[in-house]
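**Student:** Right, I'll just put the structure down here and ask away after.
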Amino acid sequence: MQCAHYSAGHCHSCQWLEKPYSQQLEDKQQNLKQLLPQAIVKQWLPPIASQQDAFRNKAKMVVSGSVERPLLGMLHRDGTAVDLCHCPLYPAHFQPVFDVVKSFIACAGLTPYNVARKRGELKYLLLTESRHSGEMMLRFVLRSETKIAQLERALPRLHEQLPQLTVISANIQPIHMAILEGEKEILFTEQKAFKEQFNGIPLYIRPHSFFQTNPKMASELYATAGRWVRELKISSMWDLFCGVGGFGLHCADKNTCLTGIEISSEAIDCARDSAKTLGLENIEFQALDSTHFAVAKDQIPQLVLVNPPRRGIGKVLCDYLSKMVPDYILYSSCNAQTMAKDIAALANYRVEKTQLFDMFPHTEHYEVLTLLVLNHN
């Protein structure tokens with residue numbers, strides 16, 4: 001992938017950009033093998049490659065510059081701004097959207113937040129696209145509600161120019177820290193969510209919902225999880241840290257008893273909408289802490305699927321699973337190091353198979369899916 005920002009030394013977020021892509025995959029696979037001792041892994045499946053450019057469905061842009069000439073991109077530690085509207089990780093059709101939004105910022109008088117002076121209102125722009133429908137969600141992250149009225153007054157013109165923006169909101173983040181978003185969300189559109197679809201499974205995305213930024217890889221990951229689970233012929237499962245339900249909905253059929261647990265109530269609303277659309281009546285989704293939910297139960301399903309944040313599932317949940325011994329654990333991780341630590345704590349299990357998904361090309365990061373099977377002896 002060619003990148004003018006990288007070549008000019010303005011952005012080195014893609015640390016491995018100069019490394020041939022085949023070598024990137026090889027190095028990631030080698031890293032995974034070093035973390036999981038080969039003696040306990042029955043089957044190493046080949047890594048799944050990504051598109052090398054234009055693969056992202058989401059842009060997280062720091063807003064800087066002036067209200068008349070805003071910049072969308074990133075800030076270096078010294079305060080230098082870099083406009084990344086032409087970043088090759090984004091699809092080409094994002095660029096005209098950025099151009100219109102820049103004009104809108106000027107029209108609405110949304111003064112970019114100045115970190116050094118702690119002045120201004122507009123901190124970030126978050127743009128997300130459904131590859132299924134082409135719909136987009138645009139979120140303005142503001143320091144306060146001061147500019148809400150004038151932002152809302154200017155929106156009809158933005159809708160006219162960009163009808164694909166079906167969900168528009170403002171997020172209020174008043175803290176002077178590098179925190180992407182706050183708790184309060186103000187919706188300007190009747191539509192609260194847009195629909196993505198992977199492998200025939202509808203997934204609904206709302207402003208606060210976490211969603212993978214590489215849809216092709218997410219689709220492959222979910223499909224693989226579904227295929228592995230169907231081969232096991234199980235009838236009951238938990239989907240812990242379930243987000244909007246992508247894993248569980250790919251694994252369950254009408255006869256599967258599935259409980260999905262996620263701390264975000266907004267994500268759970270999305271998961272419930274998907275289950276309703278699919279007509280899955282034996283599924284329930286609850287907005288709870290996944291670990292607290294699990295350890296309070298004295299019975300466990302045949303399979304427990306976990307997709308934790310980078311910190312892993314942790315000692316408490318590992319101890320519980322070791323005690324309750326479900327037949328299978330399906331572990332999806334964005335941090336193989338913490339996954340390996342958790343697997344080491346699950347001494348009653350062997351690794352049946354593992355597969356790497358290159359969710360983050362040109363970086364050292366990747367996603368990995370691992371099936372653990374209980375050693376009955």
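Just so it is clear, glycine is given a Cβ too, placed from its N, Cα and C backbone atoms.
As listed in Swiss-Prot for this protein:
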- CYS334: active site, nucleophile (ACT_SITE)
- CYS3, CYS11, CYS14, CYS87: [4Fe-4S] cluster binding site (BINDING)
- GLN212, PHE241, GLU262, ASN307: S-adenosyl-L-methionine binding site (BINDING)
**Student:** So for CYS14 ([4Fe-4S] cluster binding site), how many other CB atoms are inside 10 Å of its CB?
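**Tutor:** I get 19 for this one.
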**Student:** Given the recorded S-adenosyl-L-methionine site (GLN212, PHE241, GLU262, ASN307), which additional residues of the same chain have their Cβ within 8 Å of the Cβ centre, ordered by sequence?
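**Tutor:** Along the chain, the qualifying residues are PHE210, CYS242, GLY243, GLY246, PHE247, PRO308, SER332.
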**Student:** What is the number of other Cβ atoms found within 10 Å of the Cβ of CYS3 ([4Fe-4S] cluster binding site)?
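**Tutor:** CYS3 ([4Fe-4S] cluster binding site): 20 neighbouring Cβ atoms within 10 Å.
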**Student:** Find the shortest Cα-Cα separation between ASN307 (S-adenosyl-L-methionine binding site) and the binding-site residues CYS3, CYS11, CYS14, CYS87, and name the residue that gives it.
**Tutor:** CYS14
**Student:** Other Cβ atoms within 10 Å is the metric here; tell me which of the binding-site residues GLN212, ASN307 scores highest.
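**Tutor:** Answer returned by the neighbour count: ASN307.
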**Student:** Are there residues of the same chain, six or more positions away from PHE241 (S-adenosyl-L-methionine binding site), whose CB falls under 8 angstroms from its CB, and which are they?
**Tutor:** ILE261, GLU262, SER290, VAL306, ASN307, PRO308, PRO309
**Student:** Other residues near the [4Fe-4S] cluster site, CB within 8 A of the CB centroid of CYS3, CYS11, CYS14, CYS87?
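**Tutor:** Output for this site, in sequence order: HIS5, TYR6, HIS12, SER13, LEU17, LEU84, PRO88, LEU89.
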**Student:** Return only the integer: C-alpha distance in Å from GLN212 (S-adenosyl-L-methionine binding site) to CYS87 ([4Fe-4S] cluster binding site).
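**Tutor:** The Cα atom of GLN212 (S-adenosyl-L-methionine binding site) is 18 Å away from the Cα atom of CYS87 ([4Fe-4S] cluster binding site).
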**Student:** Looking only at DSSP and grouping its letters into three states, which state does CYS3 ([4Fe-4S] cluster binding site) belong to?
**Tutor:** coil
**Student:** Other than its own, how many Cβ atoms are within 10 Å of the Cβ belonging to CYS11 ([4Fe-4S] cluster binding site)?
**Tutor:** 18
**Student:** Cα of CYS3 ([4Fe-4S] cluster binding site) to Cα of CYS334 (active site, nucleophile): how many Å, rounded?
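**Tutor:** Approximately 25 Å lies between the Cα of CYS3 ([4Fe-4S] cluster binding site) and that of CYS334 (active site, nucleophile).
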**Student:** Which value in Å gives the longest Cα to Cα span across the S-adenosyl-L-methionine site residues GLN212, PHE241, GLU262, ASN307 as recorded?
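**Tutor:** Result: 16 Å between the two most distant Cα atoms.
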